[in-house]
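Visitor: Could you have a look at this structure, given as structure tokens, before my questions?
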Amino acid sequence: LTGVLDDCLCDIESIDDFNTFKIFPKIQKLQERDYFRYYKVNLKRPCPFWADDGHCSIKDCHVEPCPESKIPVGIKAGSSNKYSKAANNSKELEDCEQANKLGAVNSTLSNQSKEAFIDWARYDDSQDHFCELDDERSPDAQYVDLLLNPERYTGYKGPSAWRVWNSIYEENCFKPRSVYRPLNPLAPSRGGLGSVCLFSWTGLCLEKRVFYKLISGLHASINLHLCANYLLEETWGKPRWGPNVKEFTRRFDPAETKGEGPRRLKNLYFLYLIELRALSKVAPYFERSVVDLYTGNGHEDAESKALLLDIFRDTKSFHMHFDEKSMFAGDKKGAKSLKEEFRLHFKNISRIMDCVGCDKCRLWGKLQTQGLGTALKILFSEKEIQSLPENSPSKGFQLTRQEIVALVNAFGR
């Protein structure tokens, strides 16, 4: 791939250089730190859209949850509002008194009322969210060590996998009039150099083009990781994983995809630009002394924060950022309605991830969707981020640990 990307003033070579020499080595180190390697996720949530068509039975689909004893004490005890050790200690007494009071109240509540309160709280919290967040208090939510459960090809494919992507593109995506998508496993075989797809953006405004490109970029990212970390052979119970060029060609070669493959890869670069922009915008949130990447290990926490701030400095030095101000810039009423449509479409896509039948694919699908949802939340909260108080947790804009971990790991992917 070469040249300028559509809808932004950035070329592929500049992104490659910037990522290879500045961002990638640092983000890789950051992902290995305790704060970012443990992700709490509920892999047992039922599919809200259709009857579950069974889980993938291949052993590589399995996700190994992390034993309680392995989770750093600060992560296990922390909640999204407890940023630092100091904040935790000063709040302990207050929390204790509050817990006693709540205990007295709770004993008189019916289970139905308790569930209603949780739903209300979740509804209030979700007003600025682009994603359906897992409830971390659910007994089904478990910590997963992302380093021990890498994203790779598991053998999960066929009608079940096709149904997920089809639902995303056909029911929840603004898309070009004609786009070649060889998703249906029952469709006749692909190929033939002569049948190039005519691609038309007629009638799609910038915002809807952006939405489609982000979903296509997410799809390309997932497919790339499956090709790059493929089960090549399994001899004597020892699997060998590595790049599968044939699979990559099938999914991205112009001849195999009727010219569509390179566009999919360009959309991956576009997705990178959007998440890069979000990181540069959210820097003030983390630069405050009140925000600490708290795991309970003071030395490691300080190093993690220093590395994160170093990455923010790099993101700010990039000269060809996507300009999100060009989005939702029409008349106020129309812009507001379009933004809400955008948010609800994306939220629906995050819910579809609960329909993925392979646990490992579901884990990484949920994480990358949540990471992108967090990036969008950041881009549309610029005023709130700029008016954050320096020495107290913010009211107007908040990120949970789950969102922070998802954002960094999605960008790392």
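Sequential numbering from 1, following the chain as shown.
Note that Cβ sites are derived from N, Cα and C of the backbone, with glycine treated the same way.
Just so you know, TrEMBL annotations never went through curation; they're auto-generated.
Since the structure is predicted, the reported quantities are computational estimates derived from the model, not experimental observations.
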Visitor: Disulfide partner of C61 per TrEMBL: which of C56, C66?
Guide: C56
Visitor: Sorry to bug you, but what's the C-alpha spacing from C361 (disulfide bond) to S216 (FAD binding site), rounded to the closest Å?
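Guide: Approximately 17 Å lies between the Cα of S216 (FAD binding site) and that of C361 (disulfide bond).
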Visitor: Need one number for the FAD-binding residues R152, T154, W165, S216, H219, R251: the maximum pairwise CA distance in Å, whole number please.
Guide: 21
Visitor: Round to a whole number and give the Cα-to-Cα distance in Å for the pair C361 (disulfide bond) and C61 (disulfide bond).
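Guide: Cα-Cα distance, C361 (disulfide bond) to C61 (disulfide bond): 7 Å.
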Visitor: For a quick check of packing: other C-beta atoms within 10 Å of the C-beta of C61 (disulfide bond), how many?
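Guide: That number is 18.
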Visitor: Report, in whole Å, the straight Cα-to-Cα distance of C358 (active site, nucleophile) from R251 (FAD binding site).
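Guide: Spelling it out, the Cα of R251 (FAD binding site) and the Cα of C358 (active site, nucleophile) are 20 Å apart.
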Visitor: Restricting to the chain of R152 (FAD binding site) and a gap of 6 or more, list residues whose Cβ falls under 8 Å of its Cβ, or answer none.
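Guide: Non-local contacts for R152 (FAD binding site): D60, H225, L226, A228, N229, Y230, L231, W241, K360.
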Visitor: Take the C-alpha atoms of T154 (FAD binding site) and C61 (disulfide bond) and report the distance between them in angstrom, rounded.
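Guide: Distance between the two Cα atoms comes out at 6 Å.
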